[in-house]
Amino acid sequence: MGMRMMFTVFLLVVLATTVVSFPSERASDGRDDTAKDEGSDMDKLVEKKECCNPACGRHYSCGR
């Protein structure tokens, strides 16, 4: 195989991997329900003005 063909195969593999790992908007099969629950928990803490997560901790107290 030539270098150009190997590079083309590499790009196709990268593209296929990206498309497969890209999250879809279809109905969930339950694999990411925990992640959704954790996000809602963080929203509840932000409503209380308490957040120990570094993403929101600089704006709110930790509450510990």
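Cβ coordinates come from backbone N, Cα and C, glycine included.
According to Swiss-Prot, the feature signal peptide maps to 1-21, an assignment based on sequence analysis. Residues of the same chain lying 6 or more positions beyond the ends of the signal peptide (1-21) include none with a Cβ under 8 Å from any Cβ of it.
Look at Swiss-Prot and you will find Cys51-Cys56 (among others) tagged as disulfide bond, backed by experimental evidence.
Packing around Cys62 (disulfide bond) is summarised by its Cβ count: 10 other Cβ atoms lie within 10 angstroms of its Cβ, all protein chains included. What Swiss-Prot records for Cys52-Cys62 (among others) is disulfide bond.
What Swiss-Prot lists as cysteine amide is Cys62. Cys62 (disulfide bond) carries neither a helix nor a strand DSSP state and counts as coil.
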Neighbour tally for Cys52 (disulfide bond), based on other Cβ positions within 10 Å of its Cβ: 13
